[in-house]
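**Q** Quick one: structure below, then a few questions.
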Amino acid sequence: WELNGSFHQPSAFLLMGIPGLEALHPWISIPFCALYLTALVGNCVIVFIIRRTPSLHEPMYYFLSMLAVTDLGLALCTLPTTLGLFWFGARSIGFDACLAQMYFIHILSFMESSVLLAMAFDRFVAISRPLRHAAVLTRGTVLRIGLAIVLRGSVSLLPIPFLLKRLSYCGRTQLSHSFCFHPDIMNLACADIKVNVFYGMIVLLSTVGMDFIFIVLSYVLILRTVASLTTREECLKALNTCVSHICAVLVFFIPMIGLSMIHRFGRNVPPLVNTLVAYTYLIIPPALNPVIYSIKSTHIREALLRALCRKRG
């Protein structure tokens, strides 16, 4: 502990695995390893295929590669502490290292939300204004959207580590997860955390909350356009291009909203439920997204098969 008058700051926090199942952590690490391996390999393959295939150099696939890079970052942020805890029982993480991990986890989560919104906009333009799609979403526009996504996440969350660093902490140092999460760290403080709660809520609502509203609005407009199509085949073809994106949105937003509600209002929720929702939020989307897009996207599958055939040849 670093003491300065009445100011108390821990030198490290203690990470928590799956409560009640500590003896089974080595066995539990096996599905986690499979999920992390799927996330790392799958997203690297998506980025590689899009980069090497000229026919995939379109806005839809540019945004998909952004999603894959974001998912890679999320997986790499939580992998060292999660597997270190399950394999070696490494529970301790330095105070500053914990703040850094928390910052990047939240930045990448916000970036994923923004990328999903950009993908919804791309689907809306492609279905509602197909003739103007290439003119609206040029390569330069996509690049500017990508830069805006990065700046939005990094700038809006920049005050969070400093707001946590100014707090005085009591004797409790045990976190609820195998990674650092803002509400989790904040609740260990014995100082007034109203500023942290207020700022965190404002940032969450103005970024992820607004993204979700605009995604829903985009699909309302898409459904209106699809309903005006003349044949059933055209309707199904238009909706089929959105299936992968809808799955990615549900896989990301449902556990994220659940975890946010648990941290703010679920004081009586069993720790095991809290832990499972947190892992679902941060590990499942990076592992499932490349699988979803590989299964649903014919162009991705064909490009992957061509790449494999060239390697064998």
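Placed from the backbone N, Cα and C atoms, the Cβ positions cover glycine too.
According to TrEMBL, the transmembrane segment annotation covers 27-50, 62-88, 100-121, 142-164, 197-222, 243-264, 276-295. Sequence annotations record features per position, and here TrEMBL assigns domain 'G-protein coupled receptors family 1 profile' to 42-293.
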**Q** What average pLDDT does the predicted model assign to the domain 'G-protein coupled receptors family 1 profile' (42-293)?
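**A** Overall, the domain 'G-protein coupled receptors family 1 profile' (42-293) comes to a mean pLDDT of 91.
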**Q** Same chain, outside the transmembrane segment (276-295) by at least 6, Cβ under 8 Å from its Cβ: which residues?
**A** 18, 32, 35-36, 38-39, 42-43, 45-46, 64, 67-68, 71-72, 74-75, 78, 82, 105, 109, 112, 176-177, 179, 181, 244, 247-248, 251-252, 255-256, 258-259, 262, 301, 304
**Q** When you scan the chain for residues with a C-beta under 8 Å from the transmembrane segment (243-264), skipping those not six or more beyond its ends, what do you find?
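**A** Result: 67, 109, 112-113, 116, 119-120, 123, 181, 183-184, 187, 204, 208, 212, 215, 219, 273-274, 277-278, 280-281, 284-285, 288-289, 292-293, 296-297.
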**Q** For the transmembrane segment (142-164), what are the same-chain contacts with Cβ under 8 Å, counting residues 6+ beyond its ends?
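**A** Beyond its ends, the transmembrane segment (142-164) has Cβ neighbours at 59, 62-63, 66, 99-100, 102-103, 106-108, 110-111, 114-115, 118, 182, 185-186, 189, 195-196, 199-200, 203, 206-207.
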